[in-house]
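Chemist: Pulled these from TrEMBL:
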type	residues	note
COMPBIAS	1-14	compositional bias 'Basic and acidic residues'
DOMAIN	110-542	domain 'Major facilitator superfamily (MFS) profile'
REGION	1-22	region 'Disordered'
TRANSMEM	110-128	transmembrane segment
TRANSMEM	148-166	transmembrane segment
TRANSMEM	178-197	transmembrane segment
TRANSMEM	203-225	transmembrane segment
TRANSMEM	237-255	transmembrane segment
TRANSMEM	267-287	transmembrane segment
TRANSMEM	341-361	transmembrane segment
TRANSMEM	373-399	transmembrane segment
TRANSMEM	420-442	transmembrane segment
TRANSMEM	448-469	transmembrane segment
TRANSMEM	481-505	transmembrane segment
TRANSMEM	511-539	transmembrane segment
Amino acid sequence: RGYYREGQDRDPLGPHHGNLCRNSTDSLSNADIHDIHTGGLSHLAEIVRSLSSRDAEARCLEEAADNGIPDSNYRLGKGDDHAIKSKSIVSWEEGDQENPHNWTRTKRSMVLITCMTIIINSTMGSSLPSMAVPYMAEEWDVTAQDQMALPIATFLIGFVLGPMTWGPLSEQYGRRIVIISTFSMFTIWTLACALAPNWPALLVFRFLCGAFASSPIAVVAGIIADVYGDPLDRGRAMAYFMATTVFGPLFAPIISGFCSTSIGWRWSFWIALIYAVLTFIPIIWLPETYAPTLLTRKAAAIRQRDPTANAYAAAELEDRDLKQLVTVVLTRPLRMIMSELIVSSVCVYLALVYAIFYMSFQAFPRIFRDLYGLSPGVTGLCFLPIGAGCVLGLPLFFAYDRVVLRAQRQGKAWARQEEYRRVPLAFLGGPLFVVSLLWLGWTANPAAGVPFVVPMLAGIPFGMGYLLVFQGLINYLTDAYELVAASANAAASATRSLVAVVLPFATAPMFARLGVAGACSLLAGLSALMCVIPFIFIWKGEQIRAGSKFCAELKRFKAEMEAARVARNNGVRGNGAADGKRSGSGEV
């Protein structure tokens, strides 16, 4: 880097070939740089050849960290150290318009809107049969009560498996190709559901729908991180993303409720198919956002323009080891659940909240259709207050965001601590969620003359609580685990989807045995116990992170990278990261 920085006009690739940085000359001292200018390129070649493979790996690790590549995926292949020493790594220039962080606000907003449209589509599929199941069962003579939950449960089983696959694939091949291919398959299997010849076929098609519909859940969060570099903008975009994941499941009962009683339950899927086809139009123009993929293309373009150029993206130098992928990367979410107290606690809390949300798709028909005698279509409308609650929760999120931002600008120490950035949102969200369940259970009493609007409005605090709990804890996982946050979020996603598959089977017997008030009170009690978790994070979160293998390794890694940057800026080699030494096992 010293050579290119000192001699920009001598850059053999010219000024238009991108920022070629972190060449092996990063490890040179000031004396070496002086010798280069006095001794010429021959002396430079001798110095480059003398660099150790450990130095080369340190340089590559730094580039990987800057471009969001987990360092555990980034290793030198056998015999590659000499080759890597002679390569220049392509990264973004300052203000580079190809960098998604520098895209115009309009372009970034269009990407966000497209992603929100995709999310509504995929999540709407999860609860689409909720008001249509009785009509399906009647057509195919399905009488067993426990099978009534299967159309939603099989979809959610796909949600369990998907995040473990689509997220890593998007980091291997890019976001765009994964979104387009999986959404195409989701559209095809939605068509299959509309044409299902029998009950078993419908369940298989629903599972396949869920497996491919889970792709946006896993990938869109990464797209948002790719596009929004500013933490404030990124947090707000994530808030819209989380709110959108609620609206899809809420629209579905309205569609299936009105369709089933008028034009037939199959039209629920035909309407979903029409919406999917319309959604596919903006998806075609969805640009690639993943920096390593874009830099790979940039490096390829440089080599195409100048065949003698030895410019490569960091991702091209990855050692794509299958054993590493299977034993470290793909097992990381499971290992985090088992060994990380923060991850396991968040998984338990979010799994309960998420499962109760999906239990409502069986509980609401029992309350509003069976007790109050509402039609399936009107019963579907009873879900709208939950969406209204999510909308009302967004200003609270933005208000707290401004409080934290103001405190950070004032240099307040607490505002820099991971636990205070988002976790306090769950302080309010947790109690609101508990209150909503008690409100619903103890006011749903038509015999006492209580109108259906009263329990229906319990959806407002339900939606607010749901959004704030998810926003607080999901963002906390991201802040605490950073480079491996995708694995932490995959663990949370898979866990909550798995619990959401199982618990709805208990809905019918629980409400039959305990009644509406008793069942809602039981769920409220369990939710109240979970409210303790955010307070524990505030109280002991820093100590928990200090004892975490993953957090400790990431903290050391960040310190080493910072030391390397400081050393380069000062023109001297650092004593830690600059000599390529790595702490810890390197297998997080």
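Heads up, residue numbers simply count up from 1 along the chain you see.
Cβ from N, Cα, C; glycine included.
In TrEMBL, annotation is done automatically, which means it is predicted and not curated.
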Chemist: So, does the transmembrane segment (341-361) come close enough to the transmembrane segment (481-505) to give 3+ Cβ pairs below 8 Å, pairs being at least 6 apart in sequence?
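Modeler: In contact, yes.
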Chemist: Are there residues at least six beyond either end of the transmembrane segment (420-442) with Cβ under 8 Å to its Cβ atoms? List them, or say none.
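Modeler: Hits for the transmembrane segment (420-442): 235, 353, 356, 367, 393, 396-397, 400, 404, 414, 455, 457-462, 464-473, 475-476, 479, 516-521, 523-524, 527-528, 530-531, 533-535, 537-538, 541.
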Chemist: Can you tell me the mean pLDDT for the domain 'Major facilitator superfamily (MFS) profile' (110-542)?
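Modeler: A mean pLDDT of 88 is what the predicted model shows over the domain 'Major facilitator superfamily (MFS) profile' (110-542).
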Chemist: Would the transmembrane segment (110-128) count as touching the transmembrane segment (511-539), i.e. at least 3 C-beta pairs under 8 angstroms with sequence separation of 6+?
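Modeler: Output no: the transmembrane segment (511-539) is apart from the transmembrane segment (110-128).
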Chemist: Given the cut-off of 8 Å on Cβ pairs that are 6 or more apart in sequence, determine whether the transmembrane segment (110-128) and the transmembrane segment (237-255) share at least 3 such pairs.
Modeler: yes
Chemist: Can you name the far-off residues of the same chain, 6+ from the ends of the transmembrane segment (373-399), with a Cβ under 8 Å from a Cβ of it?
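Modeler: For the transmembrane segment (373-399), the nonlocal Cβ contacts are 130-131, 236, 239-240, 243, 246-247, 250, 253-258, 260-261, 360, 364-365, 425, 428-429, 452, 456-468, 471.
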Chemist: What parts of the chain pack near the transmembrane segment (267-287), using Cβ distances under 8 Å and only residues at least 6 beyond its ends?
Modeler: 100, 107, 110-111, 113-114, 117-118, 121, 124-125, 128-129, 132, 176, 179-180, 183-184, 186-187, 190-191, 193-194, 252, 255-256, 259-260
